[in-house]
Each structure stands twice: as C-alpha cells, then as structure tokens.
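Accompanying notes for the structure given below.
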Amino acid sequence: MADTKYIFVTGGVSSSLGKGIIAASLAKLLQARGFKATIQKLDPYINVDPGTLNPYEHGECYVTEDGAETDLDLGHYERFLNVNTSQANNVTTGRIYQSVIEKERRGEFLGKTVQVVPHITNEIKERIQILGKNGDYDIVITEIGGTVGDIESLPYIEAVRQLKWELGDDNALVIHLTLVPYLSAAGELKTKPTQHSVKTLMESGIKADILVCRTEHELSDDIRRKLAIFCNVRQEAVIQSIDARTIYDVPNMMLKEGLDKVTLKKLALPDDSTPNLDRWNQFLQRHKNPKAEVHIGLIGKYVELQDSYKSILESFIHAGAENEVSVNVEYIHSEFINDSTIHNKISHLDGVLVAPGFGERGIEGKIDAVRYARENDLPFLGICLGMQMAVIEFSRNVLQLKGANSTEMDADTKHPVIDLMEAQKEVTHKGGTMRLGAWDCELSKDSIIHAVYGVDKIKERHRHRYEYNNKYKEQLENAGMLSTGINPETGLVEIIELKDHPWFVGVQYHPEYKSTVASPHPLFVSFVKAAHEHSVKQKNAKMAQK
C-alpha cells in the first residue's frame with residue numbers, strides 16, 4: 001500500500017463503553033485479512049504519562065518494550081494483535097503541552113502567540129501520523145480517550161477534523177462508539193442519547209462514518225434504520241455491539257456485523273479475502289471448554305479495582321486456555337492477612353501470586369502469604385515487589401536475619417536484602433525515572449525457570465527502583481534460595497527460586513506485559529500447570545483418606 005489509512009474511534013453518551021476493545025477487534029480483523037495494523041491511544045489528561053497515577057485512579061500502568069509507561073488499553077492492543085507497541089502509541093495532553101512549551105522556549109515558533117489552534121492541534125496531528133509515516137503499517141487506528149463533548153477532548157476532536165479533511169475521505173474515517181440504553185419500564189431501546197451524541201460530534205465539524213452501538217439487546221432493523229436516518233450514516237454502517245461473555249468474543253461479533261467490510265469499503269481498500277481467525281477461535285474453544293479448574297489467590301494492595309492487575313488477569317486467561325483449565329482468581333487484600341486469618345484465606349488455594357506494587361502498606365500480609373506458600377509446598381509466583389517479599393521472608397525466617405527488609409519500607413534496616421538501585425540514588429523526579437522496558441536476563445541451566453522458557457537468555461520488561469542486594473546472595477543460595485536469572489550487564493538478580501519446593505519462583509520483571517492470545521507467557525503457563533498438579537494431588541490425597 002502506498003499511503004497509510006487512518007481510522008479514528010470516538011466515544012459518546014458514556015465512558016467505559018469499550019472503545020479500546022472495539023479498536024483492537026477491528027485491528028484484529030484487518031490483521032487477519034493480511035493488513036498491517038496498529039492502534040494508538042490519545043489520553044486527554046494533563047499527566048505526561050500514567051506512571052505516577054495511583055492504580056485506583058487509572059488502573060494498571062502498562063509498560064511497553066521501549067520502556068514507555070502507558071495506558072492499560074495498550075495491553076489490549078498487544079494481547080489482540082501480538083504486535084509490540086511503543087511510546088508513539090500513547091499520547092497524553094500533558095505530553096502534547098510539554099512538547100509545545102519546550103518548542104516555544106527554544107524559539108521554534110518565531111515569536112508567534114502560541115495557541116490551542118494551530119499549535120496544539122498541529123502537535124496532535126503530528127503525533128497521530130508518526131506511526132503512519134515509517135512505512136510499517138497499512139492502517140493506523142487512533143482511539144480518542146474520553147467522551148465527545150468533554151472540554152478536555154476538544155483539541156483532539158478539532159485535530160481529527162482537520163486531519164480528516166487534509167487526508168481525504170478515502171484515507172480517513174471516524175467510528176463513533178455510543179450507547180443505546182434499554183429502559184426496562186418501557187420495554188424498549190432508546191436512540192435519543194445516540195442521536196444527541198452524534199449531533200455534538202457534528203457540531204465540532206465531524207460526521208461519523210460508522211456507528212458502533214453498545215447495547216444489552218439486539219438492534220432491530222427499525223432501530224438501525226432510525227439511527228441511520230437521524231445520524232446521517234448508511235444502515236450497513238450501524239454496527240451492533242451487544243454485551244459479550246468475554247472480550248475475546250468481540251472480534252467474531254464485529255466480523256458477523258461486517259465492521260471490517262464497511263471499513264474497507266469506506267477506505268477504498270480491497271475486500272478480496274476472508275479473515276483467518278482459526279488460531280483465535282482455537283483459543284476461544286479451549287477457554288470456554290476447560291477440562292478442570294484451579295483456584296489461585298492474587299495477593300495485592302489494590303484488589304478492589306480489578307483493572308489494577310489487568311494484564312495479570314488476562315495472562316491467567318491465556319495460560320488457562322493453554323492448559324485447558326479454568327483459572328478462578330481470588331482477590332485477597334494483603335492488609336487483611338495475618339496469623340489468625342491466613343489459613344482461612346489461603347489453605348484452599350492451588351497457587352498464590354503475590355502482585356507488584358509500591359510502598360509499605362500491606363507488606364507484612366504479603367510476607368505472611370509468601371511464608372505460607374513456602375512452608376506448605378503451594379505453587380508460588382512473585383512478581384516485582386512479590387519477588388522482593390519472597391527474599392525478605394526467606395531472609396527473616398530461614399536465614400534468621402531479624403528485621404530484614406527493603407530500604408523502601410525501612411531505610412534503617414540492619415539487613416537491607418532489597419536495596420535502592422545504585423543508578424536511582426541521585427534521582428529526584430518520580431515520573432519516567434525507574435528501570436523501565438525490556439532488559440536481558442541469562443538463565444541458569446537445570447533450573448525451573450530454564451525449563452519454563454527452554455532458552456538460555458530472555459528479554460523481559462521491568463518497572464522498579466529497588467533490587468536484590470547481591471551482598472546477601474551467597475547466604476541466600478547456601479540456604480536454598482537460588483538466583484537463576486541474572487542481567488549480564490549489571491549482575492542484577494532478576495529471578496529467584498527455591499531448591500526444595502515443587503514450584504516457587506520470584507521474578508523482578510513483569511511477565512504479564514508480554515502474554516498474548518497467540519503467545520501465552522510461558523511463566524504463567526507453567527505456574528497454572530503447577531497449580532493444576534497441586535489441585536490433583538490434593539484431591540487424590542483426600543480420596544485416599546476416605
């Protein structure tokens with residue numbers, strides 16, 4: 001293809017309708033037809049990135065291969081497409097304004113008065129087209145965060161209006177995702193909110209090319225015709241998005257509705273192939289028809305909001321399908337774990353995952369959970385802070401290093417088995433300054449982790465400031481906590497495992513960021529397999545007792 005095509009996805013009526021899933025589903029269908037597609041998210045908040053946002057505010061912060069701290073929607077994009085994203089795939093208002101102000105300070109605007117139009121909108125247009133100009137993609141899908149009519153989104157909507165005009169009708173289209181609510185008292189679907197949302201979009205100079213209508217009930221032909229007439233779109237471009245059992249059903253739903261066909265027609269692209277979703281559907285078949293189930297406890301500090309651990313939860317879905325088991329995740333708040341509660345909260349589980357996080361709140365509960373898993377041969381996976389808690393627990397209770405801790409929690413600890421990385425000691429700013437992105441790790445042969453990956457060297461994504469303190473490495477290894485993954489450049493210990501335990505692994509990196517439908521992460525696959533084996537063993541033991 002000579003020119004990259006652009007698709008813009010806007011939202012109306014309500015937030016949380018699933019623009020990211022619709023964008024990812026359309027991209028999947030286009031990819032399955034042989035097109036090279038990528039997805040970009042424009043976020044209208046003033047933070048430069050979500051790296052400093054509380055998970056309760058914004059869900060998880062997703063880290064890309066190049067070290068960008070981004071919106072969790074980029075996780076959906078990668079999981080659907082099995083293609084890496086980068087900093088260019090996530091733009092915030094804060095980053096836009098930061099760039100424009102820096103240009104003004106350098107004198108690049110030659111004394112002009114810097115304004116939202118044209119300077120901010122030009123910067124937005126430039127960021128939108130970065131991915132399309134490198135020749136890697138046939139189609140770039142850009143999701144506009146927020147809801148049409150929000151004051152924060154106005155510069156983005158104006159930039160899209162200008163760009164659509166500049167590119168021409170055959171090179172750009174707008175998909176508007178909206179809500180068609182069902183009023184149970186009246187027993188009918190109501191189209192008026194969608195009509196008003198489309199009108200608001202048109203007041204900004206944009207005519208939607210395709211309507212995707214989120215609904216709890218089927219849209220009748222009469223409803224579709226009504227929406228087509230009053231929203232000024234073709235009836236074939238009124239697409240139904242009914243509530244699904246799983247987000248992974250949505251690509252097939254959009255295929256059935258013909259979203260990809262309408263898109264190709266409007267972009268003057270050839271519609272001469274059928275999307276090949278065989279591999280996707282094999283995953284769905286295994287996911288929906290498990291042969292067994294396991295119960296895994298997720299020990300965390302932000303469990304009230306499941307989006308805080310979105311990539312972990314999706315990784316369990318991928319690993320469960322690979323093992324043909326259903327993974328039932330039980331959310332356990334680490335603040336509520338202590339000596340009197342731990343047996344009731346954990347004893348029935350088939351595995352324990354101690355989740356990432358920051359700060360001292362709930363730390364002792366995580367350490368107690370690690371100890372229970374270690375002493376009871378329960379499959380254990382510690383991620384980032386979870387690995388650090390495993391080192392602290394082992395140091396306290398096996399090495400008998402009283403008060404062993406991380407300097408993040410106790411700056412004056414006598415035994416800093418986890419310490420601030422040397423490169424972080426002069427850092428004062430919080431945003432974008434951690435050890436981020438993909439780093440090499442060499443694996444020890446004859447280890448659990450080497451068997452998991454089946455290779456000698458891996459590259460995984462990181463997001464942390466604190467590290468395993470190598471001063472305690474010899475003591476820990478002599479007592480049975482092995483260092484089986486080492487960064488070749490720094491000597492940083494990135495993986496630990498226990499010598500005399502069925503399956504006990506801690507990793508400093510975030511494996512959940514690299515699990516996709518097409519490539520479930522081997523660490524999660526192995527962990528779920530170990531949990532299933534533990535479940536079978538426990539059931540057999542109970543049967544023997546009878």
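Think of each number as a place in line: the chain as shown, counted from 1.
Glycine too: its Cβ is placed from the backbone N, Cα and C atoms.
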**OP:** Taking Swiss-Prot at its word that SER15, LYS190, THR191, LYS192, PRO193, THR194, GLN195 bind UTP, choose the one of LYS41, LYS164, LYS226 listed for that site.
**Re:** LYS226
**OP:** Have a look through ASP73, ASP136, ASP138 and flag the one Swiss-Prot assigns to the ATP site that SER16, LEU17, GLY18, LYS19, GLY20, ILE21 belong to.
**Re:** ASP73
Subject >> From ARG127, ARG286, ARG461, ARG465, the one annotated by Swiss-Prot with TYR56, GLY357, LEU385, GLY386, MET387, GLN388, GLU408 for L-glutamine >> reply: ARG465
Original post:
Near ASP73 (ATP binding site), how many other Cβ atoms are within 10 Å of its Cβ?
Top reply: 26
Original post:
For the ATP site given as SER16, LEU17, GLY18, LYS19, GLY20, ILE21, ASP73, which other residues of the same chain have their Cβ within 8 Å of the site's Cβ centre?
Top reply: GLY11, ILE22, ALA23, GLU143, LEU177
**OP:** Look up SER16 (ATP binding site) in the DSSP assignment and report helix, strand or coil.
**Re:** coil
**OP:** Compute the C-alpha separation of LEU17 (ATP binding site) from CYS384 (active site, nucleophile), stating it in Å without decimals.
**Re:** 32
Original post:
Between the recorded positions GLU143, CYS384, where is the Cβ count within 10 Å the lowest?
Top reply: CYS384
Original post:
Once the chains shown are all counted, how many other Cβ atoms turn up within 10 Å of the Cβ of SER16 (ATP binding site)?
Top reply: 9
Subject >> Between GLU143 (Mg(2+) binding site) and ASP73 (ATP binding site), the C-alpha gap once rounded to whole angstrom >> reply: 10
